[in-house]
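These come from Swiss-Prot:
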| type | residues | note |
| --- | --- | --- |
| SIGNAL | 1-21 | signal peptide |
| DISULFID | 48-63 | disulfide bond |
| DISULFID | 55-69 | disulfide bond |
| DISULFID | 62-76 | disulfide bond |
| MOD_RES | 80 | phenylalanine amide |
């Protein structure tokens, strides 16, 4: 009787360890899938910035004519003034 109780407890402990390891592996694969789906590549550093690209107002590198670095939004935006 005592031996069967010990085997049952050992079996339940083993089952919980296996379930926990399986859950960790599943969570790892879920995190991998989510990181692949929501992976956003950083724009390459270029000397010339396009419309709505992030910029630095103190070092305006917006390319096209009429594009200026907005001090408010810090993005290359059209400038219709002088």
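Even glycines carry a Cβ here, placed using N, Cα and C.
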For this session: Would you find the one among the disulfide-bonded residues 48, 69 whose Cβ has the most company, meaning other Cβ atoms within 10 Å?
Result: 69
Seminar exercise, completed: All chains considered, the count of other Cβ atoms within 10 Å of the Cβ of residue 76 (disulfide bond) is 23
Exercise. Distance between residue 76 (disulfide bond) and residue 63 (disulfide bond) at the Cα atoms, whole Å?
Worked result: 9
For this session: Give me the Cα-Cα distance between residue 69 (disulfide bond) and residue 62 (disulfide bond), rounded to a whole Å.
Result: 7
Exercise. Looking only at Cβ atoms, how many others are within 10 Å of the one on residue 62 (disulfide bond)?
Worked result: 21
Seminar exercise, completed: The number of other Cβ atoms within 10 Å of the Cβ of residue 63 (disulfide bond), counted over all protein chains shown, is 13
Seminar exercise, completed: One finds that other Cβ atoms within 10 Å of the Cβ of residue 55 (disulfide bond) number exactly 21
Seminar exercise, completed: For residue 48 (disulfide bond), the spatially nearest of the recorded positions 55, 62, 80, using Cα atoms, is 62
Exercise. How far is it from residue 63 (disulfide bond) to residue 80 (phenylalanine amide), counting Cα to Cα, in Å?
Worked result: 15
Seminar exercise, completed: Using a 10 Å radius on the Cβ of the residue listed as 'phenylalanine amide', the other Cβ atoms enclosed count 7
For this session: State the Cα to Cα distance, in Å, between the residue listed as 'phenylalanine amide' and residue 55 (disulfide bond), rounded to an integer.
Result: 18
Exercise. How many Å separate the Cα atoms of residue 62 (disulfide bond) and residue 55 (disulfide bond)?
Worked result: 8
